[in-house]
Amino acid sequence: MSRRGQPARLALSLLTRLPVRVAVPVDPRDQGRSVAWYPAVGLLIGALLWGLAVWLESAPPAPLAALLLVVWVGLAGALHLDGLADSADAWLGGYGDRARTLAIMKDPYCGPAGAVAIVLVLLVKVTALAALLAGGGALALLVAPVLARAACAGLFLALPYVREQGLGSEPARHTARRAVGLAVLAAALLALLLGQGAALLVTVAVFVGGAALMRRRLGGFTGDTAGALVETVEAAVLMVAALTL
């Protein structure tokens, strides 16, 4: 199998459940290059969601919002929701201790904090989506996944990856920093061009706050905290867009 486009395929295979074939064995350098494709994957997800919203624009907003959220979660395979749940359990159960926090994150079971975090984020998303669909603000569907995955890519520039082994270990070791920086900048410019300046501002705020929490507690980030950041940014962008219609 050709290795052309391998970084893009790696990003798609990690961040979505779309059927993508990757060449094996995987070159760690391609894993590092794949980080720069995270915002593009977000753009693909956003385009699919926005297209579905436009196609079904005559449907009642609430049921359509629920359908879009189901498709959204399905496209990502609930990967980021899993990270959100693990991070919530670990943050509350870790009592400020780094080693305990990291240990709880590896526990495959979802505790009360994780379950509550998932419910709250999905509740924010579905209510914001319903408001956006009713008010003609479906464009936020296109922007939210892009900015969220740009924020995820930004973690590879701002913080060290704290685990020796994990989904992010090889990409972190071989991150193409210049390409990632350009990709993050492109995502920000796209948001501005689409008139989503408020969405960009809230993304920056969530990123700065989240990165500070990760640095203080862990000294860096993990795949779970990256997933939590994606979900938090998406929810925040949708809510701000709904409140500023």
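Easy rule for this one: first residue shown is 1, then count along the chain.
Cβ coordinates come from backbone N, Cα and C, glycine included.
Keep in mind the model is a prediction, meaning the values are calculated, not measured.
Summarising the annotation, TrEMBL assigns transmembrane segment to 35-56, 63-81, 113-134, 141-162, 182-208.
Among the listed stretches 35-56, 63-81, 113-134, 182-208, the one sharing the most Cβ pairs under 8 Å with the transmembrane segment (141-162) is 35-56. Sequence-distant neighbours of the transmembrane segment (182-208) (same chain, 6+ residues past either end, Cβ-Cβ under 8 Å): 36-40, 42-43, 139-140, 142-144, 146-151, 153-154, 157, 229, 232-233, 236-237, 240-241, 244.
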